[in-house]
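Here's the feature list from Swiss-Prot:
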| type | residues | note |
| --- | --- | --- |
| ACT_SITE | His391 | active site |
| ACT_SITE | Asp395 | active site |
| COMPBIAS | 81-90 | compositional bias 'Polar residues' |
| COMPBIAS | 91-102 | compositional bias 'Basic and acidic residues' |
| COMPBIAS | 103-127 | compositional bias 'Polar residues' |
| COMPBIAS | 149-158 | compositional bias 'Basic and acidic residues' |
| COMPBIAS | 159-174 | compositional bias 'Low complexity' |
| COMPBIAS | 175-186 | compositional bias 'Polar residues' |
| MOD_RES | Lys42 | N6-lipoyllysine |
| REGION | 75-199 | region 'Disordered' |
Amino acid sequence: MAEVKVPELAESITEGTIAEWLKNVGDNVDKGEAILELETDKVNVEVVSEEAGVLSEQLAEEGDTVEVGQAVAVVGEGQVNTSNDSSNESSQKDEAKEKETPKQSNPNSSESENTQDNSQQRINATPSARRHARKNGVDLSEVSGKGNDVLRKDDVENSQKSSSQTAKSESKSQNSGSKQTNNNPSKPVIREKMSRRKKTAAKKLLEVSNQTAMLTTFNEVDMTNVMDLRKRKKEQFIKDHDGTKLGFMSFFTKAAVAALKKYPEVNAEIDGDDMITKQFYDIGIAVSTDDGLLVPFVRDCDKKNFAEIEQEIANLAVKARDKKLGLDDMVNGSFTITNGGIFGSMMSTPIINGNQAAILGMHSIITRPIAVDKDTIENRPMMYIALSYDHRIIDGKEAVGFLKTIKELIENPEDLLLES
């Protein structure tokens, strides 16, 4: 017998929530095979068995919070003996039948119940789903899942709701996973549990707001030259780099690296009474997912070319949306860039990420009239950029200079190529 324990994840992560059991009691388990998915403050991770055998016991249920080092399952040798559970179920059913009225205990009804019990045993469902179904008298054969092979507790709960609600409210409940409260039917509301990650994000954002002297400075960038360069080079870039597209994010990433080298205070953090200035350039790129905004890091951007940065950004975005990010993708960055422009934002004051000193905000490119010299006004594609920074570390002079460096490099992309 071997216990499966929650592994060490990251220095800042001490616990997680069991999001989903991937194996049921009685399933064969290979060495190194994942048996459950754990939701942490940063990413979802799979917990694997270090031994081959049969999953003989689940020590926690879906939704339970478990700590690092805590045993969550037992993997044994050979086949699991489920006769005790089966006999207990059988005896409970027999006791229930003895208490039923004569009308309910006719042979045909009993035969029907036995058939239903056998049918439920053949259906692939999690232990929590079976317990909930037995407790509430739900026939698992009438429960439809969410597109996978295993019925789960929420599938059973949704099936219960569907029997008492209209088709419209059923669809709404299944899509949102929430519970509607109707104390005042004319003012309906929906109450739902926040996910662990959203609760953590809310806590961290509040901590940043309360524990830093955050200030934001703005500038504007004429995107004419970089857009022209991208237009001229994008087809050749795709051919030269196996289909990788040239976007604006790589330009801003390289510009940020150059500005960080010029203004190292922006690449720092406070640790107690010390200020730590980072000598590396791991740039976080904010990615929007169904679970909210995630910030994986592109490592060593000072050593990567434009194509390598674009490829890594694309790979991290796919991993984020497929919930495949690892903890190594999410920790120990030095600076973050967020692009609210993809959602149509014209201007914003982004919030600093974690222990970093600053964050760069990109926004929508909007064509508007600009005075290009004393006597000439032209329509130019313009972008507002913002730098939110911790005023305890960074003075206004450095913040303005940093943003001005970004502006100059983007407006003169040939200089940016030379910087690289």
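Each position is counted from 1, following the chain as shown.
Glycine is treated like the rest: Cβ placed from N, Cα and C.
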What is the interatomic distance between the Cα atoms of Lys42 (N6-lipoyllysine) and His391 (active site), given in whole Å?
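Given the Cα positions, Lys42 (N6-lipoyllysine) is 27 Å from His391 (active site).
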Within 10 Å of its Cβ, which one of these recorded positions (Lys42, His391) has the largest number of other Cβ atoms?
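Highest number of other Cβ atoms within 10 Å: Lys42.
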Which number gives the other C-beta atoms within 10 angstroms of the C-beta of Asp395 (active site), all protein chains shown included?
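So the number of other Cβ atoms within 10 Å of Asp395 (active site) is 12.
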Can you check what DSSP calls His391 (active site), collapsed to helix, strand or coil?
coil
Determine how many residues of the compositional bias 'Basic and acidic residues' (149-158) DSSP places in helix, in strand and in coil.
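The composition, in the requested order, is 6 helix, 1 strand, 3 coil.
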